Amino acid sequence: MIEKNYQPADIEARMSVVWEDSLAFKAGRPDRRDAVPFTIVIPPPNVTGSLHMGHALNNTLQDILCRFERMRGRDVLWQPGTDHAGIATQMVVERQLMERQQPGRREMGREKFLERVWQWKAESGDTIINQLKRLGASCDWSRERFTMDEGLSKAVIKVFVELHRDGLIYKDKRLVNWDTKLLTAISDLEVQQTEVKGSLWYLRYPIEGKTFSPEDPSSFIVVATTRPETMLGDTGVAVHPDDERYQKLIGKHVILPLVGRKVEIVADDYSDPEKGSGAVKVTPAHDFNDFEVGNRHGLRRISVLDKEGCLDLLDNEDYLRDLPEGAAQFAEEFNKVDRFVARKRIVERLESFGFVERIEPHTHMVPHGDRSNSVIEPYLTDQWYVDAKTLAKPAIAAVRSGETSFVPKNWEKTYFEWMENIQPWCISRQLWWGHQIPAWYGPDGKVFVAETEEEAISHALGYYVEQEVITAEQGREMALDRNKREGFITRDEDVLDTWFSSALWPFSTLGWPEDAPEVQRYYPTNALVTGFDIIFFWVARMMMMGLHFMKEVPFSTIYIHALVRDEKGAKMSKSKGNVIDPLHLIDEYGADALRFTLAAMAAQGRDIKLATSRVEGYRNFATKLWNASRFAEMNHCAVPEGFEPAKAKETLNRWIAHESAHTTREVTEAIEAYRFNDAAGAIYRFVWNVYCDWYVELAKPVLLGPDSPAKDETRAMVAWARDEILKLLHPFMPFITEELWEVTAKRDGLLALAAWPLKPAEPTPEQLAMFAAAAGPTDPLISPALIVPIFDHADFTDPKAEAEIGWVIDLVTQIRSVRAEMNIPPATLTALVLAGASAETRERAPRWTDVIKRMARLSDISFADRAPDGAVQLLVRGEVAALPLKGVIDVAAERTRLDKEIGKADADIKRAESKLANEKFVANAAEEVVEEEREKREAALARKAKLLEALERLKQAS
């Protein structure tokens, strides 16, 4: 029996247990062993994470696909798991140690600290997984993986060793994003560009061989910089090759102020003649663009900062080389001074010598670490790299050939732009938590890469015996006695970038590199659902690794969803205070309401503007379904054994079967095409408008009337249509549908494993002709009816039934619309005249007279050859229906009211258009504010159009 009130929390708790106990989501179930597999790997959330709105959207869409395919009979594997999240996790544990006033990481040592991290993971690492379960994610939780699991770690080590063997992993000295607080390289994804109000310093660099004078422009070149402290590492000045001002200076030198180093003037397209002086300082060791300029011209790379962001000058051979006498004194004075303190002091020193031409206020973007919030330094250091350019070629080809496709397709352009300009991938991190790099160093720094330390020792001993560094006898002794080789080789302390292990996720989670049957069955996966922000960092790298090691693409389709923003379109952020917590929404409205909201708003390529009111609205939608199901139960509606909708005799029942078939097709095709919003919209309209508002209302006289064959058939059809709704709605709202499936009838199994409704076949030409004849003529000027005739047919489709019920609905809908437009009070009944009605209308109208009168608030329905004077005329499926309003409303007063409302709409339109015509407003206002004005204008235009239509109708009645 269905409870009186819909209580989402109780249902969600109960259904979660039912699904778990029944192993409903287990891949490879005995009843699916021969089924076609369908695989999705979850984008593994950070083990430190908590469910945010992006997770909620991403996992709702994945779950819709998985539940849909499971109901279609597929053997579904939705592979769950979490990412070890190197920096984030290490920071969480370090912060915890600090808060508890316990020894820090350095004091504990690596081994003890890692034990503590694993302890934290055991205690707190399931938070995000439990939250995903609350959302209703139908993953195979028995297969949950963690990127630091033993099996996945084995895959990581094997991939590193093989790529190194093939020359695709190597060590190099290049610039990285360096976090001076965390003391590690970080990825581009972990860098946030923050707008900062700073300064632009214009500096005078004296030309070699000329006597410098601030009053003599021919004695110096002016360069501009936002980071004066890095000038100590300048090794060049770049000018554009076509800039006539500097033609004679190319190849000559300037003398670096304060330092005295000779710096070459080079010609390079990087310099923009239109910006500033047209000359730029080149600091290859402290700027990514300068690094490339330096490579093109063979300029020295002089790093002048240490890992903590302090000047590093005194023991810096690169810096001190070829400097004039007296430079050491400057180095001693500024050595180990913090970069920002040094900036101020260097500028003061430059000003004292006349080397500063001017200083301008300058607002610019400065990179910050997303976790430490410290200013990121481009830092020259030895790191491990992947030859991404080589690995990218097959990944580019796979998308170009269509082997893997993006949805929406426009994301392919983004993918190609990045992949075709890909840079070496820095994969080493100066952390303790993560996959330690499988590389060992011999006494002379020689690198030995191996899967195990024993293997590395073997390689090292063989090498040093061959090089005659040790004797063969020493080699044998060291091989046999661990004590004798203690400390002979030392392991690289760095760990791998988190994205390295994540790149293997589609196959490492299945058991690779072991010959696991799951690899054969579930790889490649079918689809990947993810956000656009990790196309480069994760999607592209999975493509590269999958093709290299599995020789197949990891997924055939990549669906890229948009962002979830606040209701005004602003990006959610803690600083703005506009973050919406999905768990709060689940507590308040239920997981089903949140899921349906996100799906209904997930239009391809369009960000979601999430308002709490929308979630509340879809909770009301769930309540309406609940109440409709209770109504069916109270009226003893049930599907008898052997019931066939195709054999229904009542027109109303054949109509709902037709609409159900049409909706099945709409929902099925929309999900197949990743048009989640269209699928949600179709099922919403069917439940709320077709089933609840029309079918149940039209069926009430039969259900509440005396027993009859028609009543028995209607009871069966009400229950059958409800069951079809539960099936179609289940991927979107799994909890309420599973609950109603269980309590409305005795079932053989779970709704989660029930068969998806069949999609109807295309109509035959004969059926099309029959439908056209039944529908009658149409007028393109009339607004579309609530129920649009669709040429979709299953065995039970009846175009004649659709034409008849569609006529009733169109008629009632248009009458209600006119009553609302004309401000006719609900208690006031009006007459209806069917003018010049066809024989078919004269035949069908009496069957529905009582229903139409009740639903349209009519006093009488009559027939006439023409519409009476003073009546508003409606065109319903090509025929005239007239509402005589003489004496019903005060026409003059209503016209005055409408004119006033039109004036208000005009004022709103003018106000919005004035703002939108203001170029300064459009250029400077926040994007969401501009969009809000556009929406106001469109709403006012639509309101005015309806008011004008009402005014036109009023003229008919006067």
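FYI, residue positions are counted from 1 along the chain as it appears here.
Glycine residues also receive a Cβ, built from the backbone N, Cα and C atoms like all the rest.
What Swiss-Prot lists as motif ''HIGH' region' is 45-55. Each residue in the motif ''HIGH' region' (45-55) has a pLDDT score, and their mean in this model is 92.
Annotated motif ''KMSKS' region' per Swiss-Prot: 571-575, in sequence order. Long-range contacts of the motif ''KMSKS' region' (571-575) within its own chain (CB-CB distance under 8 A, at least 6 residues past either end) are made by residues 53, 563-565.
The ATP binding site annotation in Swiss-Prot covers Lys574 and is backed by sequence analysis. Sequence-distant contacts (6 or more apart, same chain, Cβ under 8 Å) of Lys574 (ATP binding site) do not exist in this structure.
What Swiss-Prot lists as coiled coil is 892-958.
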Reported in the order helix, strand, coil, what are the DSSP residue counts of the motif ''KMSKS' region' (571-575)?
-> 0 helix, 1 strand, 4 coil
Using DSSP, what's the helix, strand and coil tally for the motif ''HIGH' region' (45-55)?
-> 3 helix, 1 strand, 7 coil
